[in-house]
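Asks: As listed in Swiss-Prot for this protein:
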TRANSMEM  25-45  transmembrane segment
TRANSMEM  53-73  transmembrane segment
DOMAIN    115-165  domain 'DHHC'
TRANSMEM  160-180  transmembrane segment
REGION    262-330  region 'Disordered'
COMPBIAS  267-316  compositional bias 'Low complexity'
REGION    365-434  region 'Disordered'
COMPBIAS  373-387  compositional bias 'Low complexity'
COMPBIAS  409-419  compositional bias 'Basic and acidic residues'
Amino acid sequence: MSRPSYASATKTYFHNRLVTGPDRAYFIVAMILMLIPEIPFLIFVCPLFEEWITAAIYPVSIYFWIASYIFLIQTAYTDPGIIPRGIYNDDIFAPDHRQPLFKKITVKDTKQEIKWCETCCLYRPPRANHCGICNNCVERFDHHCPWVGNCIGRRNYQTFLYFLYSLGFLCIWIMGFCVAHICIESARYRDNHPSASSAKVFQEGMNKSHYISDYNYSLWVSRFNSNPYRKSAFANFIEAFCPPRYPSFYKYTLDHEKELTTIPTPNNINGNNNNSINNNNNNNNNNNNNNNNNNNNNNNNNNINNGNSGGTTNNGYTPPISPPQMLQRQSSTIRYSLDNLRTSSNSSLGNFNNLKSSRDLNLSTISEDKPKNLSNSNNNNNTNNKNTSEDNNHSSGSDFGGDEENNEDDFKSDNDKEINSSSLSLNHELQVNV
């Protein structure tokens with residue numbers, strides 16, 4: 001069973017119009033690194049070429065420098081294409097109802113597998129992936145760039161390319177003028193020192209040429225594999241640099257997280273149903289056992305107060321269930337079973353008291369009927385001889401008393417057996433349930 005972390009690491013600003021990742025330190029370092037080479041270039045290098053080229057070297061350099069900052073900020077604070085999370089349900093995490101890990105779909109006559117994300121509770125679309133840093137599933141996930149501080153996905157891939165190309169052109173611009181300045185200064189130095197020779201720096205590039213050729217060959221072989229998303233070079237260029245503005249679904253994710261905090265828990269929603277069940281059980285116990293009326297009424301009032309304290313929903317909506325709420329629900333079921341155990345124990349105690357009272361009543365009736373039986377026996381045995389009548393009366397009385405004592409002992413033994421059996425069953429139920 002999965003135990004997803006429901007909190008997302010994504011941060012939002014200005015009513016969810018700006019969406020960014022959690023790592024802000026790298027983003028600040030990237031801003032500083034972009035500032036360091038530009039200022040010395042404008043101060044020390046550009047004035048040397050102003051007399052040979054034109055003054056346009058300043059605005060061109062500043063334009064690409066500012067463009068790099070704009071595209072960097074836009075990429076860092078744009079929703080990369082976060083997919084809204086699914087609704088959390090107990091049936092999803094049950095072992096018998098767990099979702100399959102993979103499903104096969106058909107995309108342009110090509111079968112592909114989509115994977116179930118246990119954190120977001122959804123099947124990821126094709127070319128989507130889960131970012132472990134932001135803790136979100138992102139459409140067309142490319143990578144998580146720490147220097148930008150955000151994921152690179154479907155909605156900010158265009159601005160990320162603009163940032164890379166503007167920054168790359170700015171680096172080439174600065175490095176080109178710096179190399180030109182070095183060449184000019186070295187030429188002046190050679191004029192003053194004819195014996196000096198130029199350095200040779202091409203050995204490292206030749207060593208890397210073998211790796212580059214092998215990598216290009218592997219790309220050439222892999223491009224002929226089956227890919228349902230493969231397009232022409234022009235179509236790929238248009239899709240990368242001039243894509244449509246895709247909608248953002250992150251607001252639905254925020255609304256879903258808001259519902260998780262405002263809607264009451266399932267324990268409180270199902271409180272009325274549990275109370276009705278308890279009331280029916282208590283009413284049945286009241287009809288059977290008159291001695292437990294006060295206890296059952298107190299239990300009913302406590303259950304009703306506990307059910308109405310949390311609030312209920314009128315529209316019958318079942319909210320998402322997070323793992324802490326699942327534990328609350330399990331605890332509520334345990335409480336419900338304990339309440340049923342208490343009611344059953346009370347009913348068994350009532351039966352025990354009833355058996356005891358019935359035994360006492362039977363013993364009292366036997367003791368009252370004893371003199372009556374003796375008088376009847378004396379009246380029926382009329383004889384002429386008083387001695388024989390008295391002996392007969394004594395003998396009959398002794399016999400009757402012995403029989404009566406035997407009956408009383410048998411009745412006591414039977415009642416004691418029933419009481420002992422009921423007490424043993426009650427103790428057995430309490431030990432098992434506890």
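Cβ from N, Cα, C; glycine included.
The model shown is predicted, which means the values in this text are computed figures rather than measured ones.
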Asks: Give, as a single whole number between 0 and 100, the mean pLDDT over the domain 'DHHC' (115-165).
Replies: 88
Asks: Please give the sequence-distant neighbours of the transmembrane segment (53-73): residues at least 6 beyond its ends with Cβ less than 8 Å from one of its Cβ atoms.
Replies: 30-31, 34, 38, 41-42, 46, 148, 159-160, 162-163, 166-167, 169-170, 173-174, 177
Asks: DSSP helix, strand and coil counts for the domain 'DHHC' (115-165)?
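Replies: Split by secondary structure, the domain 'DHHC' (115-165) comes out as 9 helix, 17 strand, 25 coil.
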